[in-house]
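**Q** Handing you a structure now.
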Amino acid sequence: MSYTKDNDKLYRYLFQNRAVRGEWVRLNDTFTETLNTHQYPKAVQNLLGEMLVATSLLTAIMKFEGTITVQIQGDGPLKLAVVNGNEKQQLRALARTQAEIADNASLSEMIGNGVLVISIMPNDGERYQGVIALDKPTIRECLEDYFIRSEQLQTHLVIRTGEYEGKAVAGGLLLQIMPDGTGTPEDFEHLMTLAETVKDEELFGLEAEELLFRLYHEEQVEVYPPQETEFHCGCSRGRSGNAILLLPMEEIDEMLAEKNGVIDMQCECCGTQYFFDKNAIMEFKQEADKLNQLGL
């Protein structure tokens, strides 16, 4: 893919004379690294790309330190799809299938009867969870409905996934009326109509400044400094070792015997493998016992 300085970047911007705010994001390596360790069907890849874009945009518009999880659950061939993001624009994604999925499968064909769950978990403050029926054709439309119901703010999303110069890419735009109530439906409708004219090659190939000029050259747009996005799993040897300790020691010993003295743990998200023999497990247990004694 030809390099532009705005690959894997998120921009925020404000229409000064319209009381509407916007965001633009393009996920290049962030998206491809999510897919590298999995052989997802094409339709699932595209859905995860849409969810990554949506999570990035949501995380940026909700100003807090913490994490957002966007999760789809259903009874169709796609059992689960989940994306996590935080205020640093660190993103990860995972999907689980339970039957074959055609490359051109629609959302309803993949999910069956399902829900979209958005969990907002600030580092300081109360956790919030919203559950939305997946009763619309696209994730974009379901999320727009979520904003109307939960935030009571008119919001418009453009979310695209595909290939650009031979590599997977995902990108999107968000428009939202400012919460101060000074924005008008006419202003919002005007900007929304302009946003819908964006072409895939513009969304995936142009730098932010040029893209925004093409779409909004007659508007007064204040663009803020960008934020980098990245794939970040967050797994570690320590977390995997502590997960093993959730099992009774008798069961751990049985697993060691069955696996020739070494238990291997593979991260479902990034594919990293961690190996533990009896000595390593006992070291984790001793450390856990010390923390328990200290009441930590």
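Think of each number as a place in line: the chain as shown, counted from 1.
Using N, Cα and C of the backbone, Cβ positions are placed for all residues, glycine too.
Below, the features straight out of Swiss-Prot:
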DISULFID  Cys233-Cys235  disulfide bond
DISULFID  Cys267-Cys270  disulfide bond
**Q** Would you kindly give the Cα-Cα distance separating Cys235 (disulfide bond) and Cys267 (disulfide bond), rounded to the nearest Å?
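**A** With the alpha carbons as reference points, the distance is 7 Å.
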**Q** Cys267 (disulfide bond) has how many other Cβ neighbours within 10 Å of its own Cβ?
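**A** Here the count is 18.
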**Q** Rounded to the nearest angstrom, how far is the Cα of Cys270 (disulfide bond) from the Cα of Cys235 (disulfide bond)?
**A** 8
**Q** Which ones in the same chain are close to Cys233 (disulfide bond), with CB under 8 Å and 6+ residues apart in sequence?
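**A** Residues satisfying the criterion: Arg92, Cys267, Cys269, Cys270, Thr272.
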**Q** Suppose we draw a 10 Å sphere around the Cβ of Cys270 (disulfide bond). How many other Cβ atoms does it contain, all chains included?
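**A** Other Cβ atoms within 10 Å of Cys270 (disulfide bond): 18.
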**Q** Provide the number of Cβ atoms within 10 Å of the Cβ of Cys235 (disulfide bond), excluding the reference atom itself.
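**A** Other Cβ atoms within 10 Å of Cys235 (disulfide bond): 18.
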